[in-house]
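Student: Under the heading active site, TrEMBL lists D85, D284. Positions annotated as domain 'Peptidase A1' by TrEMBL: 67-406. The signal peptide annotation in TrEMBL covers 1-22. The transmembrane segment feature in TrEMBL is assigned to 484-503.
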Amino acid sequence: MKGYTSSALLLGPALLSQLALAQQAPSGVVHWGIQKRHAPNAPNRLLRRAGPTHQAILQNEQARGGYFATCEMGTPGQKVTLQLDTGSSDVWVPDSTASICNKGACDLGSFDPSKSETYTVVGQGEFDISYVDGSSSKGDYFTDVFNIGGTTVTNLTMGLGAQTDIAYGLVGIGYAINEAIVGNSHSLSSQYPNLPVAMVDDGLINTIAYSLWLNDLDADEGSILFGGIDTKKYKGDLTRIRIYPSSNGYYFSFIVALTSLQAISPSGNDTLTSQEFPIPVVLDSGTTLSYLPQDIVDQIWQEVGAEYSDRLELAVIPCSKKSSNGYFSFGFAGPDGPRITVRMDELVLDLTSGDPPKYTSGPNKGQDVCEFGIQNSTSAPYLLGDTFLRSAYVVYDLVNNEIALAETDFNSTESNIVAFASMSATIPSATQAPNQAAVTNRPVATMPSFAASSGFSDTGGSGNDGKDENASAGMPSAFGVAQMSVMGIAMVFAMIGSGVFVLL
């Protein structure tokens, strides 16, 4: 999840294409470009886990488990590379004096406030953020210059992680009400203009909105476009659906209604079902994998031949399944809402950045072991992370509390940027999904037997709680957990909500 060198920027074909598009862009459009780089000494990690618009090119760091972008902080500017996170709302960076940085772990950069002429502390000791995996960062809130791709936010409030066990910072771009200080103080009055709001206040964009195009798993780059959309980055129609508030009526996260899921292969179509439908899912770029209810995940794993590993504490699958012709179709906001296709080559992920482990016995003996991109979770809200988001073009409208979805156009080299016209303007080129009241309907399963109807694989998967309880019914296990031996792997890391936690 971290792995850069300090080598000079090399202009590869993808970046040259983006630079060409930037030259053609209308006034007010800024492209924020970076290129994928690797640190030679980075340890192997298991990867769990048109008007005023501003675009950043994001780096797909597969070995880091997320999407990162480079910016500058302070005067003169100090370069840091931060992870993009739609699931949090603070921009923060490790302090150069933090113990984790003194140990040489902050290879993506840290911030030295003593070297900035414009640094001002505005909340001493008030920055305190924790993630669901137990990782955290604490220190001061400060204001300083923040530069993204040549565009400057003059007085952005950020967190400085003096006590942190996370070696890189984040660009949280969620609702301002979800800022760490609001949760810690239990006071709405403590919220400040976070990055999307500050960009509006500085006149850089017209409304609090942005669009996300992560591109495919093997691509070096994706992009985020603040204040607008790019109509050449998706296929078909762009459809608006509602974001759901929390029980107290406030909007904290990007929760939408997942209302159907189909498994489609050359042998037929299967409708999967869950007692949780309509499933509340958060569209979260800070989460590497996707996490859905156990009952529907059992069916998904059965379809593809994945199985839960007690040893690794995650679902694994033969790497050869990446070339499967099967795919999943995710439906949102009722029967007439948008549908997003997710192919198997976006769901079968390398377990390590080095040589993959192998199955040592069973029907897949000798094959490489990969991680599966959809894992199980026991409670809501559920998460659709990067394994889903790469297949979707997603527009986040934080003023009208809407999300727009369309099928992504992988590796598109064209661009047509359209800005939001004004504050509160609806998402350009998007139509509203009809019949959203129908999200209470639960689809009926069409699977008489998981394995019998599956066209993804020749073998079965896991039963309840990820265990192979179908073996007695004559369904061969796709993966013998008790017989598997993964050698040379010391630790398993997972990315959930931009954190890292140890599984083994």
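Even glycines carry a Cβ here, placed using N, Cα and C.
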Student: At a 10 Å cut-off from the C-beta of D85 (active site), count the other C-beta atoms across all protein chains.
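Tutor: Other Cβ atoms found within 10 Å: 23.
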Student: Write down the Cα-Cα distance for D284 (active site) and D85 (active site), rounded and given in Å.
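Tutor: The separation of the Cα atoms works out to 7 Å.
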Student: Calculate the per-residue pLDDT averaged over the domain 'Peptidase A1' (67-406) and state the result as an integer.
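Tutor: Here the mean pLDDT over the domain 'Peptidase A1' (67-406) amounts to 93.
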Student: So if I draw a 10 Å sphere around the Cβ of D284 (active site), how many other Cβ atoms end up inside it?
Tutor: 26
